[in-house]
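Enquirer: Feature list, courtesy of TrEMBL:
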| type | residues | note |
| --- | --- | --- |
| DOMAIN | A:39-156 | domain 'Acyl-CoA dehydrogenase/oxidase N-terminal' |
| DOMAIN | A:162-271 | domain 'Acyl-CoA oxidase/dehydrogenase middle' |
| DOMAIN | A:282-450 | domain 'Acyl-CoA dehydrogenase/oxidase C-terminal' |
| DOMAIN | A:470-592 | domain 'Acetyl-CoA dehydrogenase-like C-terminal' |
């Protein structure tokens with residue numbers, strides 16, 4: 001049995017304490033989102049996820065989706081859960097009130113996403129993809145298309161997809177072959193095959209709006225010849241309801257390692273009617289504008305898996321009796337001690353915990369920057385926030401999903417053999433979490449984005465925007481006697497990050513393979529330092545609360561102990577990463593292809 | 001499609017070059033196992049595994065085992081493949097010629113096991129468990145039991161199991177409840193329930209011989225009250241053929257993350273007839289005598305998964321066209337370059353390669369020590385070998401399986417989305433490999449064995465037996481100009497291992513939680529140093545071959561490049577591990593149970 005209780009206390013910590021900026025005005029449009037309102041939303045989301053989504057997680061995995069007579073059936077309970085999700089207004093959370101959305105900030109949306117991912121990642125992909133489609137349309141489509149489609153997507157009666165990948169091209173979209181032929185009425189006819197389309201077909205909504213990358217007849221080769229089209233499953237009738245069936249069909253469902261309740265479709269477009277979104281040949285740009293938020297969401301999937309794994313592991317570690325504490329029996333009244341007494345079990349629990357809380361803190365910071373970027377009245381603030389989110393997006397996506405998969409595997413390990421069998425649901429977390437390291441750009445691609453695009457962008461401006469405040473904070477923390485023991489190792493790790501950055505800037509400039517060869521190690525180093533920084537900041541808040549005589553001593557003491565665990569036991573990995581980075585590409589590129 | 005070609009060249013390298021001791025006499029009983037004979041055996045094994053086992057790997061996973069009317073059916077093709085395996089004499093490899101065995105050395109057996117694990121881990125568990133039962137019987141049973149059962153197990157007409165785990169006890173066998181009541185005829189009646197019994201029932205052999213841990217009526221509490229019993233599925237008739245059905249039934253099959261073609265059974269023993277193996281209450285001792293070889297075998301499962309993942313990943317990296325090399329197009333004739341040109345893809349391939357070849361070398365060394373321990377005429381040599389294998393067993397089991405799972409996951413990642421779907425078989429390697437970190441003692445238990453038992457044993461004698469020759473080799477290597485650049489980082493890493501060892505010896509003596517808290521990090525540190533040592537030794541052999549003008553330049557150049565990769569890119573992790581170990585138990589034990 002999978003268990004979950006939303007970590008609301010820690011979410012409030014991130015939202016109201018860690019990233020709070022008490023002196024500042026609320027962002028325009030968010031004046032009504034007071035802490036009380038935010039908490040109420042989170043509590044409602046927690047209730048929905050726990051009561052409606054969690055019970056369908058294991059059953060959805062066992063049953064999977066089926067393709068019947070050209071129609072995809074989601075597992076038992078999914079249509080009803082989706083109807084409730086829609087009725088609860090959850091599809092509208094992050095959307096513009098102009099289209100019926102609630103206009104909630106990303107800081108809240110991402111916490112709700114975390115809960116959804118913890119309780120039912122497969123389910124979460126359906127509204128998740130819709131929101132991606134919403135953004136593409138809202139950001140780039142004509143007013144007519146917006147008016148026709150956005151209210152339906154926002155209220156969840158229609159859903160959306162992103163159709164990028166083809167069998168021969170995933171990362172390298174420049175190779176794609178789907179064609180779009182302009183028609184006299186201003187529409188286009190789309191023909192081609194797409195694969196790996198999440199939520200490509202299903203029975204949750206009355207219509208599905210596909211956003212499809214395709215080439216116009218006169219398109220230049222490569223990624224500069226790709227356009228974006230809106231292709232509905234049913235063409236809207238004059239009254240706005242779904243009308244005639246369009247030429248898009250699900251030709252097959254993929255059989256996957258995990259997220260089995262999420263329909264991953266092969267879609268055939270056969271002279272399907274579509275409309276251009278944005279400018280011709282500028283489809284990739286339309287994709288990229290929504291990518292920061294999407295990639296943060298995928299990172300959050302890793303965190304969601306980690307949190308579910310943590311809670312499952314803790315529950316089992318408390319109840320499973322096996323052996324005695326090394327330091328002597330802790331529960332002599334029982335046949336054996338609960339395994340939570342064993343240091344090595346605690347190592348596993350503390351590792352996941354440190355990952356999760358660190359990631360939640362960092363994710364919250366990036367989510368905040370997305371809100372500032374979108375809403376702040378001061379263009380300089382907006383630009384700073386945009387720089388920061390652009391820099392952190394690949395870090396968060398790759399780091400959180402790597403750690404989330406690791407956390408899920410650790411959680412399984414706490415169960416021993418009972419984790420490998422299906423009954424407790426731990427192995428599902430591992431299988432489900434694995435995909436997030438791949439989609440929305442593999443984690444290797446994220447590392448190349450960080451090293452190849454984000455570091456050199458604007459002559460290092462993105463990086464300086466991160467380094468300077470971190471450095472200032474750590475320098476001040478070193479002067480604080482209580483905080484210095486935690487700040488010092490993070491400060492040293494930050495020094496390693498600076499050295500690694502300088503190394504890459506120097507070597508990578510002359511030889512891009514040098515940058516490529518160390519990109520993944522650099523991203524991990526960057527991520528560990530960012531988490532370390534979050535942990536010192538969290539510790540500072542905790543120390544202040546304890547000094548103020550908080551009644552929640554356990555919460556803040558645990559925060560301090562977890563900070564210490566991260567900094568003492570995980571952060572030291574930066575030394576090895578720096579050494580690996582310094583060694584360069586030599587050994588990696590030495591083998592001829594035939595020698596592998 | 002899963003692909004595999006046995007890495008025979010590297011196996012020969014390990015067998016004849018790396019661990020060769022040209023001046024020495026062959027071990028007694030192994031005079032006829034010349035290098036040519038060994039190579040012929042490996043080639044035949046490679047042929048069998050590739051032609052018979054590999055084609056059943058994905059289909060066996062998809063089909064799984066079924067429990068039908070109380071009988072377990074293995075997947076399509078398994079009975080025929082097992083019959084061919086048996087007919088080929090593969091069940092008899094490592095067994096005593098006195099019982100029809102071939103008496104082959106562990107150095108060869110473990111390489112064959114690696115091939116079996118690479119091509120079909122689920123299949124391999126059936127004969128693997130039999131061999132465990134063989135050893136328990138051969139080592140501890142009466143002559144009558146040996147005569148009745150061993151020839152059948154050796155020739156593969158009967159198979160065996162190890163029945164240890166019960167629902168409430170896995171690691172802590174002291175809690176087990178299965179009872180054995182002595183009968184007047186010298187037999188026993190066994191009653192109880194066992195879970196997670198690999199090969200507990202199946203349709204591959206005409207009889208199954210269960211080795212069951214149970215308690216006698218007068219048994220002391222805990223692990224010192226456990227006895228070992230032989231309980232056949234069918235009681236042998238007077239003519240030795242399977243006779244009356246015994247009171248043991250498969251009550252359920254487990255549904256698992258992986259190794260789905262391996263029948264993992266819940267077994268009910270209901271007044272089943274059995275015979276004592278070894279002395280009353282000394283069942284755990286009988287278990288432990290076979291454990292070094294068994295745990296090495298489980299470690300080899302990790303290596304097997306890693307090798308399969310490597311080969312799959314290399315094949316895809318060569319054929320998948322995506323993007324252009326950072327340094328400019330390498331195949332301008334094609335629509336894109338094969339992804340093997342990308343440094344980050346090479347990082348993944350080289351990482352798996354460095355793990356695999358290092359593990360094969362280290363595993364070969366430990367296998368050799370098992371042979372020496374069993375066969376060497378000099379008791380001092382035998383004791384040294386026993387010390388070494390006892391020390392390395394937990395390292396090999398935990399390290400190889402951790403790295404094997406990581407390697408399988410990296411292999412999947414090379415495929416991107418195509419790795420997450422079933423079609424290429426990469427995700428199966430991940431699911432199958434996951435179990436080896438758990439069974440035969442979880443990897444956390446291995447770490448505690450290393451730190452709590454092996455380090456302090458005989459006042460550190462086991463450790464000195466490893467440290468001294470390593471130190472002597474590295475010191476000499478540092479004097480060798482060609483080898484020194486590789487030997488120096490390993491020598492430093494070895495220094496870190498010495499520091500960590502001293503730290504644990506000092507702190508752990510006073511407080512066992514201090515040892516427990518760092519055990520897993522210590523095992524990893526130990527393992528990385530042991531692999532680093534293997535890589536310097538391998539590099540030395542490669543340098544000598546190249547200096548001698550070998551015609552196999554590519555093989556030895558690749559060996560040198562991979563040594564360099566391991567030492568430059570992976571070995572630096574020891575710095576972080578040492579720092580983590582030094583930080584001790586503090587942060588780990590700080591939280592009260594309720595605070596998790």
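Backbone N, Cα and C atoms are what each Cβ position is placed from, and that goes for glycine too.
Bear in mind that the values here come from a model prediction, so they are computed numbers and not experimental data.
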Enquirer: Please list, for the domain 'Acyl-CoA oxidase/dehydrogenase middle' (A:162-271), how many residues fall into helix, strand and coil according to DSSP.
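Expert: Taking the domain 'Acyl-CoA oxidase/dehydrogenase middle' (A:162-271) as a whole: 7 helix, 57 strand, 46 coil.
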Enquirer: What counts of helix, strand and coil residues does DSSP assign across the domain 'Acetyl-CoA dehydrogenase-like C-terminal' (A:470-592)?
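Expert: DSSP composition of the domain 'Acetyl-CoA dehydrogenase-like C-terminal' (A:470-592): 105 helix, 0 strand, 18 coil.
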Enquirer: Report the DSSP secondary-structure composition of the domain 'Acyl-CoA dehydrogenase/oxidase N-terminal' (A:39-156) as helix, strand and coil residue counts.
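Expert: Residue counts in helix, strand and coil order: 89 helix, 6 strand, 23 coil.
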Enquirer: Could you tell me the mean pLDDT the prediction assigns to the domain 'Acetyl-CoA dehydrogenase-like C-terminal' (A:470-592)?
Expert: 97
